[in-house]
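Chemist: Have a look at this one before I ask anything.
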Amino acid sequence: MLSAAEGILLSIATVEAGLGVLGNTFIALVNCMDWAKNNKLSMTGFLLIGLATSRIFIVWLLTLDAYAKLFYPSKYFSSSLIEIISYIWMTVNHLTVWFATSLSIFYFLKIANFSDCVFLWLKRRTDKAFVFLLGCLLTSWVISFSFVVKVMKDGKVNHRNRTSEMYWEKRQFTINYVFLNIGVISLFMMTLTACFLLIMSLWRHSRQMQSGVSGFRDLNTEAHVKAIKFLISFIILFVLYFIGVSIEIICIFIPENKLLFIFGFTTASIYPCCHSFILILSNSQLKQAFVKVLQGLKFF
């Protein structure tokens with residue numbers, strides 16, 4: 001049985017997960033409908049569909065993992081469920097970060113202004129940048145997958161008092177965890193770099209605008225600010241997600257602390273929930289469709 005605090009926190013996390021599924025499903029449906037209508041899929045549409053779909057899987061995996069650990073711990077650790085979830089989660093997690101990073105790079109190349117020859121070459125050949133990112137994804141996935149296999153083989157299952165708990169030597173587990181996420185961290189660092197360069201581009205553009213009309217904000221400035229807000233929100237929410245997942249994994253060593261585990265689940269669920277609605281509000285097409293849905297609901 002859960003305590004009152006644990007029950008309340010789990011309810012909050014479940015609501016976050018539900019909103020995350022609804023928000024990301026909406027994003028995927030709107031872009032798929034636009035694809036079917038125009039018989040053409042833009043790069044932004046492709047990235048949004050991929051990001052939304054992968055996040056739906058992430059939410060379901062987080063929820064399934066949390067409920068299985070809380071209510072069926074013996075079956076969870078004694079069966080192959082933990083291995084299945086680990087392999088699927090590792091793959092989907094890489095895809096989610098890759099789509100988010102690719103979207104960040106796309107906004108950066110589209111909006112930023114630099115005279116550097118490498119930047120200008122990438123700006124004209126965006127597809128080359130995505131081929132490079134795809135290579136990074138495949139490389140990091142192969143490395144991470146091999147470490148997941150290693151961790152699962154090294155895991156020792158101990159049956160005591162009808163409870164199955166997986167024990168790993170903590171130092172080795174920490175090393176494995178770092179290597180498991182090295183690809184994700186590398187992609188995340190690309191987003192940080194894109195955000196920093198966008199801020200630099202905005203600063204340079206603002207200095208150039210100082211010679212113009214005072215207080216005038218042109219469309220380029222607005223685009224910079226909008227993209228920077230999007231990137232910063234992703235960075236903050238992804239850090240929360242990473243912290244939440246780390247807390248959940250650490251709780252393997254302290255399975256009796258259910259409150260801490262549920263807190264990790266709640267923290268991790270903030271990212272797919274909140275960022276989906278940030279995407280909806282920051283994208284004009286998604287925002288218009290969302291307003292139409294809200295207006296339609298008023299008639300019921």
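Along the chain as shown, residues are numbered 1 onward.
Note: Cβ is positioned from N, Cα and C throughout, glycine not excepted.
Sharing the feature lines straight out of Swiss-Prot:
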CARBOHYD  Asn161  N-linked glycosylation site
TOPO_DOM  1-7  topological domain 'Extracellular'
TOPO_DOM  29-43  topological domain 'Cytoplasmic'
TOPO_DOM  65-87  topological domain 'Extracellular'
TOPO_DOM  109-128  topological domain 'Cytoplasmic'
TOPO_DOM  150-181  topological domain 'Extracellular'
TOPO_DOM  203-233  topological domain 'Cytoplasmic'
TOPO_DOM  255-259  topological domain 'Extracellular'
TOPO_DOM  281-300  topological domain 'Cytoplasmic'
TRANSMEM  8-28  transmembrane segment
TRANSMEM  44-64  transmembrane segment
TRANSMEM  88-108  transmembrane segment
TRANSMEM  129-149  transmembrane segment
TRANSMEM  182-202  transmembrane segment
TRANSMEM  234-254  transmembrane segment
TRANSMEM  260-280  transmembrane segment
Chemist: Are there residues at least six beyond either end of the topological domain 'Cytoplasmic' (29-43) with Cβ under 8 Å to its Cβ atoms? List them, or say none.
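Modeler: Residues 49, 52, 106, 126, 285-286, 289 contact the topological domain 'Cytoplasmic' (29-43) from elsewhere in the chain.
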Chemist: Below 8 Å between Cβ atoms, which of the listed ranges 8-28, 88-108, 129-149, 260-280 makes the most pairs with the transmembrane segment (182-202)?
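Modeler: Looking at each of 8-28, 88-108, 129-149, 260-280 in turn, the most contacts to the transmembrane segment (182-202) are made by 88-108.
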Chemist: Determine whether the transmembrane segment (260-280) and the transmembrane segment (88-108) share at least three Cβ pairs under 8 Å, counting only pairs 6 or more apart in sequence.
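Modeler: Contact absent: fewer than 3 Cβ pairs fall under 8 Å.
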Chemist: By DSSP, what is the split of the topological domain 'Cytoplasmic' (29-43) into helix, strand and coil residues?
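Modeler: Helix (H, G, I), strand (E, B), coil: 11 helix, 0 strand, 4 coil.
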Chemist: Six or more residues out from either end of the transmembrane segment (44-64), which same-chain residues have a Cβ under 8 Å from its Cβ atoms?
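Modeler: That would be 14, 17, 20-21, 24-25, 27-28, 31-32, 34-35, 85, 88-89, 92-93, 95-96, 99-100, 102-103, 106, 245, 265, 268-269, 272-273, 275-276, 279, 283.
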Chemist: Thinking of Cβ pairs under 8 Å, which stretch from 8-28, 88-108, 234-254 has the most of them with the transmembrane segment (129-149)?
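Modeler: By Cβ pairs under 8 Å, 88-108 leads among 8-28, 88-108, 234-254.
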Chemist: Against which stretches of its own chain does the transmembrane segment (88-108) lie, if we need a Cβ under 8 Å and a gap of at least six residues from its ends?
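Modeler: For the transmembrane segment (88-108), the list is 43-44, 47-48, 50-51, 54-55, 57-58, 61, 65, 126, 129-130, 133-134, 136-137, 140-141, 144-145, 148, 180, 183-184, 187-188, 190-191, 194-195, 197-198, 227, 230-231, 234, 238.
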Chemist: Please report, as numbers and ranges, the same-chain residues at least 6 past the borders of the topological domain 'Cytoplasmic' (109-128) whose CB is under 8 Å from any CB of it.
Modeler: 43, 197-198, 201, 204-205, 220, 223-224, 227
Chemist: How many helix, strand and coil residues does the topological domain 'Extracellular' (1-7) contain under DSSP?
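Modeler: Result for the topological domain 'Extracellular' (1-7), in helix, strand, coil order: 4 helix, 0 strand, 3 coil.
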Chemist: Could you give me the DSSP helix, strand and coil counts for the topological domain 'Cytoplasmic' (109-128)?
Modeler: 14 helix, 0 strand, 6 coil
Chemist: Hey, which bits of the same chain come close to the topological domain 'Cytoplasmic' (281-300), Cβ under 8 Å, at least six residues off its ends?
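Modeler: Distal contacts: 26-27, 30, 34, 48, 226, 229-230.
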Chemist: Who are the long-range neighbours of the topological domain 'Extracellular' (255-259) in its own chain, taking Cβ under 8 Å and residues 6 or more past its ends?
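Modeler: Tertiary neighbours of the topological domain 'Extracellular' (255-259) are 2-3, 5-6, 9, 69-70, 73, 163, 165.
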